Structures are given as structure tokens and as C-alpha cells.
Amino acid sequence: MLKFHQVHKAYTTPQGPLRVLDGVDMDLEKGQSLALMGESGSGKSTLLHLAAGLDLPDAGKITFQGISIATLDEPGRARLRRQSLGLVFQQFHLVPSLNASDNLRLQARLAGRENPSWTRHLVERLGLTGLERRYPEQLSGGQQQRLAIGRALAPRPALLLADEPTGNLDETSAKDVLTLMLELVQESGSALLLVTHSPQVAAPLDRCLKLTRGHLAEPTA
Amino acid sequence: MIVTAMRTLLSHYRRHPGQLLMLLLGLWVASALWSGVQAINASARDSYARAESLFTQNLDSLTRRDGAPLSRETYIELRRSGLEVSPLLEGEVESAEGVRLNILGIDPLTLPDDSGFASAGSGEALVAFMTPPYQTRLAPDTLKALGLARQDAANARPQLENGRRLPPLVLTPNLPPDTLLMDIAAASRLLETQGTFTRLVARPGEISDVPEALLLTPAATLVSPGQLTESFHLNLTALALLALVVGLFIVQAALGLALEQRLGMLRTLRALGVPGRTLVGLLALELLLLGGAGALLGIVSGVWLAQALLPDVAATLGSLYGAGVAAELSLPWHYWLGGLGVTLGGLFIAGTGVLWRAGRLSVLGLGQAQAWRAGFHRQLRTMSIAGALGGLMALGLWLWLTRLPAGEGLLAGFGLVTMLLLASALCLPPLLALMLAGLARLAKKRPLAQWALADLQLQLPRLALAMMALLIALSANLGVSSMVGGFRLTFLDWLDQRLAAELYLQPAPEYFEEINDWLLARPEVAETLPTSSAEATLLEALPANGSARTLTLAVSVFGITPGERLRAHWPLLNTLVGRDAAWAAITAGQALINEQLAIAQGIAPGDRLKLSSPTGPQTLQVVGVYPDYGNPRGEVALATSQLTKRFAAPPSSLGIVLHAGANTISVQNALVEHFGRREAATGVETLTDQQEVKRIATDIFERTFSITRALNALTLGVAALALLATLLAQSRERRRQLAPLWALGVTRSRLAGLQLSQLCGAALVTALLAVPLGIALTACLVSVINVAAFGWRLPLHLFPGEILLTVGVAVGVAALAALLPVLSLWRTPPRELLSQFEAT
């Protein structure tokens, strides 16, 4: 479903070009979950941004459901995100001026695929019942991240991209949120690409790859 | 997708209604003041157009020199001598509603065919107009003064205050407001004038030999109300434009803030699949919606404002220029479109920069306020360059304007003022940033002061626009108040110059000598100052060094008596060899000219003028130039005795100078007692007390500038609102900045004090910068705009008290605007500050 073939990406820095991805190959199948690990600054988030079409590679090819992302123009890539992807960020990125209910429904509405029974199910499963009218700032960190996961899964995307989704949470909340996310991903039938630096977070996923100096490899032990 | 994205964008305002209010307020105020003034201008122009269709038909006019009405015999005599003159009867009546209305009686049969007066029609309409019961032609907007609705108007015969009834009404839309046009016989009956006329009119050039008792006013010397009032309306427009600009500053500040706070939302929306172009399009649509709402609110309030101000403006225009303006609004269709266009255009200018920046930010860096701030540093550089370029352009315009002849370049003059204001406003944020950076370095050993200065630097991107608006409003306030104050002093001087004597009288020509002799014999009278006036054509100007220039310029010739009192009061701007020599030369038969003539024709003391006169061309040497405020025409002043002799002009008025301590009322009573009982009209009824004339003139002056002052104060109010709105809009984030300091042990009261002093300090610096700018603005107004508009220069007066007051107002405005957020911080419970601290 998602394929990276010899993807290169570098950034210009005052010290010269910084190669973040150096010929990355990766394959993610439908319904599969993949953890992407690496040290801070190793390029995990860059890889996720490329997968989401938020950025373009310098060289190589990224295809999603057989379509090369680089061949899509900006509105095309936006349509891809809207219709087929769900994104969960470490900083939640909820819309502060919308209440929990509207935040949860936002992406489904943008995609034109709002499903009331699925949304109700999500609210219930995410433990947000009774909090629908609250604004993000009135929710705890764990509640905010659960809401962000709900927003991403509301349109039942083909692929969920999660960038350190538990990085801002305490240990207990992190565990709860992760378990819930994996269960819901399974229920919705989505694939999952999760970026993390924590082996504990990566452990329950189907596969795990590690990004080191721009290359992807199976983690050693 | 579009509806959801739009709803999400707009949801920001639900959580930040203050910002929406600030945006709408800016648009509303800008649009209301602009539309209000334009509504007044449009209505006044409509009235002038209607008046001009009657009065500027190039008709020469004959009146009696002594101001008395013309008799039927004089008219018949002139017609028999072959002169095709037509009689006019003008007067005033009071309606039952207490409104004064002008009556204009015409004789349609003798009027020149192409005259605007000849609106009586032809055939049956003409017969109905000229025969009993006659007709009253009037414009529909005059009906209100008669207490009638339009549907009841046809053939109604409303009663006047004196019980008489008007002839049946016929609506004629192109007539001026408050004017009733009728046949001269009907007018005569209504005004009880027993067959006399106020003037006779004829085609230009028709009358060549004017009987001695009559005065010919050629059509060429008449100025239309539209021309006279052009500067007045231009001044109003300029002030409204200023308010519009200040309002748009608020709009831009609000837009910038709203966008900055929505950067995270924009990033999220883009990440969720809303294309960047769609988002920019939606932001533009949001602008359009807000602009439409603001413009609509503004136009409605503007019309209301105009309705409230129009009676005062109409009264001012009537008393200053004799221009009749309808007290009811008459708005053409293009007014509505214009108001909407200007507001949306202004919004477009204010919003383009914001949209452009939003469109350029990358999706991955979109949520970072840092990117926005880095943008501000680039902006500061651009502002400095644009400010410097604006300054250079202003300098260039000023140099060009100094080379233009007087009476030209008014628009360029306003361009200069605009450029000066904009250049200074653009230079303000870089200057403030530079000052703050310097001060922060100086305050290294005082950590709290250093923090306050560094924090103010961080606030600058948001405060910059409000401070720019404050600078513009303050300097405009200072400039306009200094100009008005200076004008006031000059005007009072001019009144003293023209009204040097205690009493004024216009005796009938046949009694002039007798009254003058009688007055001079009175012990209370120190001297009399006879005046006279005539019209002449300036044929040639002969410079002291150079060759003669041939001219054909109509000028007034004014006779003055250079007595002791007049010499002391009459200012001279420039003389050939000093004041005393100039007055001696005047007595000997030389001339003074007014500043308008000197500037317009480049005439200086020492030059000689050749003027037409009934006794043949007269050559006079110019020995001085005097200021002549408010007079649009060129004037030559001679000694009255010389004018009587050389221009065959009879004396017209008599100034009566009394000894110190003499009782004005006893002289008045004695004069009326001695001459008032004669059967013939001696003119003693025209006796006027100088104090009374000065009071009336000063009242008119004050009323003229009350509108200017009101608009000016409103502009300052708008700037204060801009500051308040900016501070309120960012108060929540300010708390987030202050919470760490509180956590470090700074008390809430200290924090509140810091915030107050930060803002008052910034306002003080802005106000201090506004002082030189205000002075420069005053200089532009008095020496550029005034010369371009009126042909004369006002002396530059500065009022230190006024300057101090303005600086105080600026600091007060800032303190007031800061007070609400400061109070809110003061009242914030520590628990909440703690949560703010955690959120940072």
C-alpha cells in the first residue's frame, strides 16, 4: 500500500547539506502496523512527512495505493491526506476554537465521510463521553491525545500516520492511549505507521524498523 | 470540505470575540466617518448644482449703491433707454414651521431666454405661472419646511408664519433647497414690497453705461458656491481619509493578530487535507464577509452621522459662503457604491499583506510563531526603507510645490501631508525597536527593567500598528489644532484690522457729509474712518525692475482712511520703506495690495499698477502688502479720499472711533435721536456695534471648526480604541508571558505596574515623536495647503500648552487602554497563573 523506493532527503544547514534519508526502501501492507524507531534527529518525522505528502523527496519514489506522491500537485496531495490518511501528532494539534465534538468530526467532515454511528462508537471507546462540549484546553493531555486519535480515525483512513503519539504523556496515559489506538486501528481496518523512540511503544506492532544515519534496518535485538 | 474548513476558520472568532469586535470596529469606524463626510459632501454638491443651475448663468446684475431697493421707475427708465434688463425680487419669509425660506420673484417675459431663472416654462404652464392665483415652484426637499408630505404637495397653499398663503405649489426638482420661485407680482404681494425690486439682471455686456446711483456687478466677478466651498469639502474629505487610514490600521492589526493566532489551526487544516490555496481563498472570503458587514454598518452609521451633522454644516456653509445646502440628505446611487468600494478597497489593502504572508508560509513551519516573528524583522527593514523613500518623496513634493503659483497644487499638498504621515508612521516601529534594543543594553544591571524592555520588543510586532495609528492621530491632532488655533488668532487680528472703530454706519449718500460732520463735532468721537469700494480691472503690472505685463484681471478697490486707530490695527506683511512711510504714501495717493493679489500675480512693493477707472486709467505704486484672510479675490486698498476722486466711488460706510472711556450707547442714541426722525432714509438704522459684529463673526468661525475638531477628536478616539483592542486581544497570551516571572517571585501588583509602565513609556515616546511631526504638519497646512487652497499664507503659531496636553492625552490614552488588561492580571488568581505557567 505504501512503498518507499530509494528515497533521499537532505536539508541545507550552515554547516553544509544534512542527509536525513539516504536511499530508504520501505513497504507497508494494508492493515499492517509498522513502528519506525530512531534517535532524536534521525529523520523519523521527515519520513512521516514524506509519507503524508507534507514534503517531497529529493530523489527516489514514494507510492501510495500505486500512485506516486511526487506526481500529485499540492491540491492532489491535500486530497490524498483528506481522503486516505489520518495523522496523529505528538503535540496533538487540535483546533483550539472547536469543542471536542467538532474536533473529533473535523477530518471526517472535510473528507465528506461523516458516519454518526462510528463517531459515537469512537467517543465511547475513547472515553470522551460527557466531554464533547469541552474545548481542548479544558482537557487533560491524555484526553487531548485520545481526541486527536479519534479525529484521525473518524473517516476510517486507509493509513494512520502517528508521530510520537505518546511522547507528551505520562507512562500510564501513554500505555492506555497506545492500547486504545491499536485496538481502534484494528477495528477500522487501517494500516499504521508509527514513529517512536521507545521500544515499549514499538513492541506491540506487527513490524519494527530502525532509522540510523539515513538508512532503515531491522532493529538488532 | 469548504464549508467545514470555513466554519473551522470562523470558529476562532467564537473563542476570541474581542478580535472580531476589533475588526468590525475598525471597519465600522473607518467606513462610518468616511461615508458620513461623503454623504455631507454629496448632499452639499447636489444643492450647489441646483443653485448653480439658477445663479451662475452669467447674468450681469445692477443694484443701488446705497443698498436700497430699486424702484419701478428706474426699471422702466432703463428699459425705455433700450437696456434689456429684467427685474428680480428677493426676500425671505418664515414658514408656519418656523423655517426661513428664500422667495425669488421673476418676470419670465423679460428674462434672457437661456437664463436658469427662466424655468417658468412656456405655453399654458407660463400662463399659469404668471396669472392669479399664480404658482409657487419649489424643490421636493423644501416641502418639509412647509410641513407638507410629497403626496399632499400638488396645488396645496400652505400658510406662512405671518398668516399669508403661498400660491399653489408645483414641484420642480432642479430648484435649490429652501427656495420658492414665483412670478414677481406674487412675490411682491407676499413680501409687501410695493413694486420695488432688489436687482435688475441682464445678459453679460448688455449694460455699458451705468447710471451713477447704480452699481454693476459683472457676472465674471461672481464665484459659484461650489467653487467657494471646494476647500471646505476637501478639508472634510482629508480628515475623513485620515480616520479611514487610522481605522484600517486597526483592521490590519486585528487581521495580523487573528492570523498569527490561527497559524496552528492553518497547519492542522493543511495536514488534514485542505489545500493551501483553498485556505487562502477562504481567508479572503472571510475578509470579504467581514468587509461587507463592516461597510454596511459603517454606511448606515455614516448616513446617521451625516444626518446629525448636516444641519450644522448647512448653517456654517450658509453663514460663511452664502451657499444654501439642504438640511436633508440627498444621496446619489454612486454614493452607496463608493462607500462600499472604499471600505472594501481599504480592507483589501490592509488584508493583502496578511494573505500574502499566509500564502507564503510553508506547511511544516506554519505553526511556528518564530517564523512569523522572523517575518517581522524582515518587515522592520522593509518599513525603514519604505519610510525613507516616503520621506524623500515628501521632500520632493514640497520642493515642487514651492515652485507652483499660489492657488494651485491642493491635491499635491494633501499628497505631501499623506506622504509625511505615512513615512513617519513606517519609520516608527524600526525606531522603537532600535531604542528598545539600546535601552535593554543599558539596563543590564537591572534585570526586571531589562526583562520589561526585552518583553516590549517581543510585543512590538503586535503593538506596532496600534502605535503607528496613535502617531498619525496624535500628529494630525497636534497639526490641526495648531492650525486652527493659529487661524483663530489670525482671524481675530483680521477682525481688529477691519473693525478698528467702535461703531459702523452706512449713511445714505446724500447724508454722508452731514452725518460725518455731525459726528466729528461730537466730543466723544475721536475720528471717523470713511470707507468706499469700487470694481476695477487691473490692466498692467509694472515691476520696479523689468518690463510691464499686460493683464485683464477684475479686482476690488477698497477705500480706507489711514487714521491713527486704523494705522495701529492694520497689519502690513511687507512694505517698500517701512510702515510709517507706507501710510504716508497711502495718504498721498499710493496703494496697498492684499496678499492674494501679491502671491497670485507676483507683485511686490515698489511695483506699479495700472487700473481701469471711470475717470480714465490710474497708475498707482504699491507701497505695501496686507493680509486679507478669507477673501478669494485680489484687492487694492487706497485712501478713501483718493478712491472717491480717482474712481468716482461714493463713500459707503463710516467707522466711528470714540475717545477712551466714551459711552458707545450714548453716541448711538444721540445719532438715532438726531437723524432717525427724518422722513427720508438717512441710513442710521444700519448703525452696528463692532463688538456685536465680532461676536457673530467669531461664532461663525467657531462653528466652522467645530466639525474639524469633532472629526479630529474622533480620529484620536479611534486610535485609542485600536490600542485598547490590540491589548485586549493579546491579554491572554500576555499572561502566559508574565506567569514565569510571577513564578520567579515577582508580585502580581509589580507585574501589573510593569505592564502599565511598558505601555505608557511606549506611548510617551510615540507622543514625543508626534510633536515634531505635528509641527511639520502645521507648517504644511499653513504654508502649503492654505496657499494652494486660498492663495494666502497663515502665520505659523505653536501652542506649548496644546502640545503638552496632546502628550498627556497620549499617555492617558495608553494608560486607559492598558488598564483593563492590567486589572484582569491583577485579579487573576495565583492558581490560574500557575496553569498559564504550566502551559508555557
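Just so you know, glycine gets a Cβ as well, placed from its N, Cα and C.
These numbers come from a predicted model, not from an experiment.
As written in TrEMBL, here are the features:
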DOMAIN    B:239-355  domain 'ABC3 transporter permease C-terminal'
DOMAIN    B:464-671  domain 'MacB-like periplasmic core'
DOMAIN    B:712-830  domain 'ABC3 transporter permease C-terminal'
TRANSMEM  B:236-259  transmembrane segment
TRANSMEM  B:279-306  transmembrane segment
TRANSMEM  B:335-359  transmembrane segment
TRANSMEM  B:380-401  transmembrane segment
TRANSMEM  B:413-439  transmembrane segment
TRANSMEM  B:460-480  transmembrane segment
TRANSMEM  B:710-729  transmembrane segment
TRANSMEM  B:759-791  transmembrane segment
TRANSMEM  B:803-826  transmembrane segment
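Using DSSP to sort the residues of the domain 'ABC3 transporter permease C-terminal' (B:239-355) gives these counts of helix, strand and coil: 101 helix, 0 strand, 16 coil.
Relative to the transmembrane segment (B:460-480), the listed stretch B:759-791 leads the set B:236-259, B:279-306, B:710-729, B:759-791 in CB pairs under 8 A. Just going by CB pairs under 8 A, the stretch in B:236-259, B:380-401, B:413-439, B:759-791, B:803-826 that sits most against the transmembrane segment (B:710-729) is B:236-259. Spatially, the transmembrane segment (B:413-439) is not adjacent to the transmembrane segment (B:803-826); fewer than three Cβ-Cβ distances between them are under 8 Å for residues at least 6 apart in sequence. Non-local neighbours of the transmembrane segment (B:380-401) in the same chain are 409, 412-413, 415-416, 419-420, 422-427, 429-430, 433, 780, 784, 788; each lies 6+ residues outside the stretch with a CB under 8 Å from one of its CB atoms. When pLDDT values are averaged over the domain 'ABC3 transporter permease C-terminal' (B:239-355), the model yields 78. Beyond the transmembrane segment (B:335-359), the same-chain residues lying 6 or more positions past its ends with a Cβ under 8 Å from any Cβ of the stretch are 27, 30-31, 34-35, 38-39, 42, 244, 247-249, 251-252, 255-256, 259, 266, 276-277, 279-280, 283-284, 287-288, 290-292, 294-296, 298-299, 302, 372, 375.
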